[in-house]
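Colleague: One structure, pasted below without further comment.
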Amino acid sequence: MFKSVLLFLVLGFAVGCDSKPEATAPSPEEKPEAKAPEAKAEESEAKPAAATDENLTTIFDFVDNRHLAHIWDEGVVLDMGAAGYLKYIQGSWNAPWHQGKTEEGFHYALPKGVGGTVRFPLYDPVLKGKTAEPWKMVVRLKPYGNQRSDLFFRAANGEEKKFASLNEIGEGFNTYSVDLPAGYEVNQEHTLRLHFSRSQDVGGLRAAAAIDWIKVGPQATEKEPARISNMVDAEARTITLPPKTRLQWYLTPAKGATFETMVEGRGEIVVTPHGKPGKTVKSENGGRLPVDLSVYPGTPLRFEMVNNTAEPVTFKNPRLVVKPQAKRPKTDAPKYVLVWIVDTLRADHLPLYNPKTDVKTPILDEWAKNEAVVFERTTCQGNSSLPTSASIFTSTYSPIHKMITDKARLPKDGAVFAEPFKQAGWATALYSSNGYVSNTWGFARGMEKEVNPIRENRPSDSEYLWPEAHAWLQKHVETNKDKPALLYINTVDPHVPYDPPQEQLAPYHTGGKVGKVSPRATGQLLHDMAAGKVSLNAEEARYMHALYKGEITYNDIWFGKMLEALDAMGIHDQTMIIVSSDHGEEFGEYGKWGHGISVNQELVDIPLIIGYRPWTKGGLRVPDDVEVVDLMPTALDSAGIAIPASVQGRSLVTEMLDPTPRHPRAGFSYHNTFLRGARIGDWKYQLFNGDRDPVYELTGPEGGWDKNDVSDASPIVRRMMRDAMAFQVGLDTQLKKQTHGFANNHSPALAELLDSKAW
């Protein structure tokens, strides 16, 4: 029987319990653990703290997130046959590989054609700065045909250089070792490219070689490296590190998060926050090993499990936990669901999201304050109406719905927003002033009533759209009082043409038109600006922006009239109201205007506010990153209707009712097929075709959200974002958040899927 040792990284408290992972089914009601005896901390800055017997909620399980782990064994290990290799090939984005092949009892990967590229952190636990001596790079591979290979290396912000060649590659799988020259920055991201002399057909694929593993380190040898499959026992909930190895995760801890585990052996935990030195906690005798991460809320860090001994070390049930908070009860489901989409609305143009904005939306502000939940970070999956609306209506990402041109139509397989409601006996109606959001593109499937003024060449402002929608709803309430109803309203006021009434424009501009900006012609003006035919001076730019702001205030008035109508009909208390947008708008922050041009925050950061009086408490703000693919499952779950299997999003009902902190998630955005974005908290990542993937710290809208490029100064942040994007890209047609969790927080089901190589 081993002594139970209590250690702490920083002064604080730690409590532990077993609970289900938040990614699949949050469950804060868990039995408490018994207290562990106190013991000395092994590091001077780490002080012991008394254990408690409080219940805790698991928000990140390291066993389930095994494929997010990076292996260090004599150096950085790239196990190319395991699912975790997605981290090094950007999910096979612009670095195409054939994935998960099996031969001779083990898995390997095939670079497509004559070469393949991997990107990885050149990590060493001791060395700092640039390498003073050559390192070893070892690769185990099998050639197809008579081959030779040139090896190229590129520093994080440098030129690619050839550093070695493999001129004699024998048949079958063999291990080859070469020197990597000195002078490369340790703990930075680097790129390795293998280029072979020729490719051939391999079972219907073009390939030059099969790669088993790659190892890079100062003392890397040809020894078989440690592998995740040999270290993790999912059934026993253990991670066992062989001698002199370590596993690393790049993550951001939630507010109040604590690491909990039981250790067998002399294990260590090393925590290295972004921009700060690392700290180590050691377990000399085994036992309970809690580490307080609450001092790093919102700070990306490298989290390491370490074995520096000559014997195996086991970490049992390693996880991040938080203290649960009281949640509101889920009472009767809403009888009515009303979706209010405000086309082209940037989140930072609402006081609810940006207190510094001069835009006035008093009705929305008051409603949210009294009876709604504000989701602080919502990412739309497209940057224009068609792709984002497709993601809202199908709850799928663009690689599935493929709605990136106006020639596309919603897929016939998979559910569309209204269909499950109609099948459950609900009345359904779509009132849309967006020409795309119509039956022509398949959005009216499941809708018993569709009205689209744009398609009918009628006025489309909210003063025309809402009265028609109101009339339908009132007639339904009067004649079908026992039948529930879904009403989806897509307003278009902030979209061009920017032409608000003078009363709503007055807070932002007084006087007449300015220069070449004519309100009714602002749509054509944006087209001409995009074509380089015309530009705006500073006064014209301010006026154009003022018109947009006036449109937002105008929409707020009609949102208020909608609330008044619900009160007059006596159904406000029975109605869930979902307010969101399909994209934002750029106003020259990066030299361009309009939308459909980037995945900058100005375009993809949108509002999401949900109110249902019996459930939601006014003033509650949810800091989690969420996505518009979550709207459909949220509406269905709220109504008590089963969520279709085709859905990739996740219901947000738990977030509406339970303020318990959750592990930070990623929100993803798409621009056509050549640009993707990801946000985790205050960090933004963009992945372009080619070899460019900048990281930004989101410090505010002044001057442009995506301008504070910290790519080279923040290797921990960059690796965290690369890992999340890799699994989103690699699984974007398979990942279903309701079942699989998130790209940066895997559920047991996703871990098993990745184990199976079924991806």
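Cβ atoms here come from the backbone N, Cα and C positions, even for glycine.
Pulled the feature table from TrEMBL, pasting it below:
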type     : residues : note
COMPBIAS : 28-46    : compositional bias 'Basic and acidic residues'
DOMAIN   : 337-641  : domain 'Sulfatase N-terminal'
MOD_RES  : S385     : 3-oxoalanine (Ser)
REGION   : 21-50    : region 'Disordered'
Colleague: For S385 (3-oxoalanine (Ser)), which residues of its chain lie six or more apart in sequence with Cβ-Cβ distance below 8 Å?
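Modeller: Residues satisfying the criterion: D343, N434, Y436, V437, D582, H583.
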Colleague: Using DSSP, would you call the residue listed as '3-oxoalanine (Ser)' helix, strand or coil?
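Modeller: The three-state answer is helix.
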Colleague: Give me the mean pLDDT over the domain 'Sulfatase N-terminal' (337-641), rounded to a whole number.
Modeller: 98
